[in-house]
Amino acid sequence: MARLCAFLMVLAVMSYWPTCCLGCDLPQTHNLRNKRALTLLVKMRRLSPLSCLKDRKDFGFPQAKVDAQQIQEAQAIPVLSELTQQILNIFTSKDSSAAWNATLLDSVCNDLHQQLNDLQGCLMQEVGVQELSLTQEDSLLAVRKYFHRITVFLREKKHSPCAWEVVRAEIWRALSSSANLLARLSEKKE
């Protein structure tokens, strides 16, 4: 796992420079990586969702905070960055490596890390050193609370296979929402 984290950090440094210097084309690059991560998440499924019905939980995804009708791109970037960082935190935790196929997990983490670099590069370009607005702070807090509930759920369920399956499906939904947000923002630009 330590090698995986070191590898991801090297990728972060290597991919940060082109993102900043080539300009921000976030909807195109991010959506491609997001779609690949979604596909990999489907492949990671180890249990039938039907066998884990008793473990299902509503984590309260902050849909209003990632709704393109209510959020501008400059506001969306910090929220999507936080969402991606939190997903990456879950999948790089020591307990996740025992739950998933190592090759698929590495691929998902690599894609998430590249997405995070894209988002952070755009954040630096668009926001610079400006402070976050109260709306952005509220949105970031909602995302953090959402992922805290997921982390607590995993801990309470002792990182059981069904708990991981529920979380995998929930993360798939969260990534799908971020893809929809970016698609709508991209349409607004055109």
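Backbone N, Cα and C define each Cβ position, glycine as well.
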Recorded disulfide partner - C162, candidates C52, C109, C122, source Swiss-Prot: C52
Which listed residue (C122, C162) has most other Cβ within 10 Å, given these are disulfide-bonded residues: C122
Cβ neighbours of N101 (N-linked glycosylation site) where a neighbour is any other Cβ within 10 Å: 13
Reduced DSSP assignment, C52 (disulfide bond): helix
C122 (disulfide bond) versus C52 (disulfide bond) - Cα distance in angstrom: 39
Surrounding CB atoms that lie within 10 Å of the CB of C52 (disulfide bond), all protein chains: 17
